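For reference, the structure is listed below as structure tokens.
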Amino acid sequence: MELLSGPHAFLLLLLQVCWLRSVVSEPYRAGFIGEAGVTLEVEGTDLEPSQVLGKVALAGQGMHHADNGDIIMLTRGTVQGGKDAMHSPPTRILRRRKREWVMPPIFVPENGKGPFPQRLNQLKSNKDRGTKIFYSITGPGADSPPEGVFTIEKESGWLLLHMPLDREKIVKYELYGHAVSENGASVEEPMNISIIVTDQNDNKPKFTQDTFRGSVLEGVMPGTSVMQVTATDEDDAVNTYNGVVAYSIHSQEPKEPHDLMFTIHKSTGTISVISSGLDREKVPEYRLTVQATDMDGEGSTTTAEAVVQILDANDNAPEFEPQKYEAWVPENEVGHEVQRLTVTDLDVPNSPAWRATYHIVGGDDGDHFTITTHPETNQGVLTTKKGLDFEAQDQHTLYVEVTNEAPFAVKLPTATATVVVHVKDVNEAPVFVPPSKVIEAQEGISIGELVCIYTAQDPDKEDQKISYTISRDPANWLAVDPDSGQITAAGILDREDEQFVKNNVYEVMVLATDSGNPPTTGTGTLLLTLTDINDHGPIPEPRQIIICNQSPVPQVLNITDKDLSPNSSPFQAQLTHDSDIYWMAEVSEKGDTVALSLKKFLKQDTYDLHLSLSDHGNREQLTMIRATVCDCHGQVFNDCPRPWKGGFILPILGAVLALLTLLLALLLLVRKKRKVKEPLLLPEDDTRDNVFYYGEEGGGEEDQDYDITQLHRGLEARPEVVLRNDVVPTFIPTPMYRPRPANPDEIGNFIIENLKAANTDPTAPPYDSLLVFDYEGSGSDAASLSSLTTSASDQDQDYNYLNEWGSRFKKLADMYGGGEDD
């Protein structure tokens, strides 16, 4: 196939025009402009002017010629090769028409080297006869960003390019051409100008990642997909091969078991396994250098790294280390750890291909053992599922098989271990036969009467003595013989005792203890089903009634009997002790209630009725009924109505009024006698004394009132330093008071120690200070205190008792006792 352009195409057009002139009377002229985009495709190479050789396909809607405005348009058609052009007319001939204001797309290669400005195409209007036309362009690349890429010569209409184009930035420019006359009037409609930038291979491929990571199981078959790498190229991959990327593997590390373990698809970049032999235990990871080349493998190249991780497959079976075990287990132990079995596995730790699963495959016919996997150590933990019996079987030989959680990837042998378990004999507790014994016993049997025999058996081979005791007997009704296990009545069995008997069953726990070292104890449960006897009479409820003495309504009493049928209902009733003179008792049809009613009038009062009830077993019960008769008609509900008597109200009100009057008088008297207490001392006189009148002999000594607030307030207000007006005191260290103890048991010592500290405290009252006594006036019988003496001489007085008053009176004791010089 050959594209025709230039002179060859022009010759072909001339041939067609010659044929047209032979059949059409009007002359036609043909011209050819190669830039107009007319494309002719001809098969063959011989282009003689007189003959068209090969097949001709006229592409497009026709050929546009711009010579003098005449247009010859040939539709799509063919001319058979070897025929004379004069005998091969086109399929259709259109009449000529004016040229159109159009321009086919302009293709401009990117990265052009110039020179610039470069002429691309020429705009030409057919309305330029007789007037001057001016051309202009608008659109992106002309008068809008990016501005200045294209311009047009105003008068000639040549479209100019001013700089290299970059297809990766802008693939296509859409401009509009305008034609106006000298006076500015538009002579043509705006024409669309498409400028398409054709690609050049100016970009290298780029991988989307520097390092790609993938994984594949070891031992997979060739052809298994591993991962996909991706590279991009900004060049055109649609119309050219510039952006078509081809992938390849440049290198592989390590090269084991050989250097071609993987392959990559040329177009998609998918990496696959090409050879067998992937073994994680030998090579856990491969590093591949992959290439991406544009031009479909013939252009620029870039590289990236692909890391292939080989995942573990269960291609290694676990192995026991060691393969034989021996263990000793006490009998009767449930859940006892017998042995831990250890295995090794070359697969990845803590993976399903590494975690072990154990199974007992032989030697455990009685299902006495179980084995589990330890979650951390992966060991098999063998434990007892049931208690082992030394007397039945003293040794067990178990066979344990190990596999993995994940199935084997390949066929592998399964490891088996042998565990020999020796059962150790222990002293077993006696066993009651049966463990829970149910018997019937009649209530009310005599004390000492045999109830049953409940014994136990010793499972040990040794002949040991068994003794029996009762561990739980809530009502203390039973006793057991320690040697024989005979159980007898120790109290009166009462089926109706709801505190101890539930649903007629009394439960007792019996113990059997052997003579082993150490002794062991077994338990048995004795369930006594107590049968009923007629030991309870019927009882009416309630036992108090209220009834009117006029047109009385019968009072219905319920009858209850703790015994069972046939020792209960139906009941019979009768009144005794002359109660039937005024009263009548009638039992209902069901026999479970009795109605009491008056036969004769009784005045309002309380009466006692003697009601005798008997059950179906003829057991009689006499009950006293308290009946309150009221003066009323019909039915009374709560109590007898009492008439209101107003004579009692007035005395009560009078008494209350008199009491209130008396209380008011007492209150006024107290307020009248109240005196305002005057302060004993003037504020400026800091005296702490009481004034006594010694001359009064009639009424005895009389204490004057004083203001207690003037005295010292105890330990809280003791001064830090006690001064004396006439003598400078000797300072003594203040004693340490013990704080209150938290333990109540120490409160005694706390009081004694703080009492001693208070006795020696110089800051405690009475203070050693100068006291000023009140002046008693002139002519006083005693001019001074020293004149008040009780004897003529101090020798007549005994001051030894002052020594017993403590440290605070030591000075006084020394003065009067002769211990200190005057």
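Heads up, the Cβ atoms here are built off N, Cα and C, so glycines get one too.
The domain 'Cadherin 1' annotation in Swiss-Prot covers 100-207, and the record cites sequence analysis as its basis.
The feature domain 'Cadherin 2' is assigned by Swiss-Prot to 208-320.
Each residue of the domain 'Cadherin 3' (321-432) gets a DSSP state, and the totals for helix, strand and coil are 0 helix, 53 strand, 59 coil. According to Swiss-Prot, the feature domain 'Cadherin 3' maps to 321-432.
Residues annotated as domain 'Cadherin 4' in Swiss-Prot, with sequence analysis given as evidence: 433-538. Predicted-model confidence for the domain 'Cadherin 4' (433-538) is 89, expressed as mean pLDDT.
Secondary structure at ASN192 (N-linked glycosylation site), taken from DSSP and collapsed to helix, strand or coil, is strand. The feature N-linked glycosylation site is assigned by Swiss-Prot to ASN192 (among others), with sequence analysis given as support.
The Cβ of ASN558 (N-linked glycosylation site) lies under 8 Å from the Cβ of PRO540, GLU541, ASP592, THR593, each of these being in the same chain and 6 or more residues away along the sequence. Residues or ranges marked as N-linked glycosylation site by Swiss-Prot on the basis of sequence analysis: ASN558 (among others).
Annotation comment: Swiss-Prot describes 1-25 as signal peptide.
What Swiss-Prot records for 100-647 is topological domain 'Extracellular'.
Marked as topological domain 'Cytoplasmic' by Swiss-Prot on the basis of sequence analysis: 671-822.
Residues or ranges marked as transmembrane segment by Swiss-Prot: 648-670.
Applying DSSP to the domain 'Cadherin 2' (208-320) sorts its residues as follows: 4 helix, 50 strand, 59 coil. The Cβ of ASN192 (N-linked glycosylation site) lies under 8 Å from the Cβ of MET103, GLU174, LEU175, TYR176, GLY177, each of these being in the same chain and 6 or more residues away along the sequence.
Mapped onto DSSP classes, the domain 'Cadherin 1' (100-207) shows 0 helix, 43 strand, 65 coil. Sorting each residue of the domain 'Cadherin 4' (433-538) by its DSSP state yields 0 helix, 49 strand, 57 coil.
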